[in-house]
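S.K.: Dropping a structure here in structure tokens format, bear with me for questions.
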């Protein structure tokens, strides 16, 4: 069964010399389904931050598409490895964004429930500020309507808003390194690099940085796509996204060291008003990122079962079913770290490292000493190790999850350690009351 792809914008002519003048010109260009480079950048950045690592393999995908005369990830693999490869990729391309949808719901419920608890006069046990109700409410009011859109280019402005909010969140996390970090006891061996479970972290990072499943969608949304234009977008998106991700990771770990949770905002005390504002921004960011993942899951289903095209009725039905299932699953599962580890190992590692490299190695006629082939030969075994070892460690050594619980340093007497008006003596006295032996 051949892959028909989403509503295509043309195919890449087969070629051996990938010069900058070759392009994918949309068959529907006159229908207005295009977006500016800036919108594409924000879509890619949004995909990386809410859920992506843009790296060398993204360029390999586009080059592989050019070599094979295809314009989608599935059709590239189908042309390279036949139906078995196409089927495997379809499963992975469906599972990754679908699991991302579930993780976004978990984050939304965890984050916004704490925001609503800070509203004066609201009972913390109120059913209408519980995580499950918030997941359903945000789905019906926001993620479902946004996900029903048919053109990913329309999400460019929404992705820009998400990127701006992410910058605000980063500022809050950086501020709390200074005001809160010194008062959080550090864990033993907090600064030891690469402990035995480091491969689990690679799986999580793979999940966090991947946007390969969106690659051809965003590439096809450009007005006149070329390899050079795509490379420029990837460089800008990568620079912005990696910088933001490194700052988040560094600031979070500097503050909480070994107590850092899969969802960083789970570490902060609920009565911290600045962090409450950050949680609100974070929740909005995740909600705005959700539709991009839904686009991909829907396109995979369309390509496998509907020949690449969904009628208006089936477009609505498939979208509603996908979002409903994701909502139900996220209402039951609440430990984000475990979800990220398993998805990163089983889905993200093959999509990032293994498949793009394998496709390029089989299609390219460049000599073995060519830099692209050397990098591909390095990436492929790395991906295999991360996938196998990461999965085994995620199952045998699962993360501890303190979902929905206040961290120990927020007690006693509901006294916030983030209140900067409190003296160091008071903070020290308060910490001495705690059973600090848990840190040993």
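Every residue gets a Cβ built from N, Cα and C, even glycine.
Heads up, TrEMBL stuff is auto-annotated, nobody curated it.
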S.K.: What range among 373-395, 396-418 does TrEMBL describe as transmembrane segment?
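M.R.: Going through 373-395, 396-418 one by one, TrEMBL flags 373-395 as transmembrane segment.
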S.K.: Which stretch, out of 11-31, 158-178, is listed as transmembrane segment by TrEMBL?
M.R.: 158-178
S.K.: Name the residue range among 83-107, 183-207 that TrEMBL annotates as transmembrane segment.
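M.R.: Result: 83-107 is the stretch TrEMBL calls transmembrane segment.
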S.K.: Which stretch does TrEMBL mark as transmembrane segment, out of 259-275, 276-292?
M.R.: 276-292
S.K.: The transmembrane segment (373-395): which same-chain residues, six or more beyond its ends, come within Cβ distance under 8 Å?
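M.R.: Tertiary neighbours of the transmembrane segment (373-395) are 56-57, 60, 197, 199-200, 202-203, 206, 338, 341-342, 344-346, 349-350, 352-354, 356-358, 360-361, 364, 366-367.
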S.K.: Below 8 angstroms Cβ to Cβ, which residues of this chain, lying six or more residues outside the transmembrane segment (313-333), approach it?
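M.R.: Distal contacts: 98, 101-103, 105-106, 109, 131-132, 135-136, 139, 143-144, 147-148, 150, 294, 297-298, 301-302, 306, 339.
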S.K.: Spell out yes or no: are there three or more C-beta pairs under 8 angstroms between the transmembrane segment (127-146) and the transmembrane segment (339-361), with each pair 6 or more apart in sequence?
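M.R.: With fewer than 3 qualifying Cβ pairs, these stretches do not touch.
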S.K.: I need to check the long-range neighbours of the transmembrane segment (276-292): which residues 6 or more away from its ends have a CB within less than 8 Å of a CB in the stretch?
M.R.: 43, 46-47, 49-51, 101, 104-105, 107-108, 111-112, 114-115, 118, 138, 142-143, 146-147, 149, 152, 155, 158-159, 161-162, 165-166, 168-169, 172-173, 214, 265, 268, 270
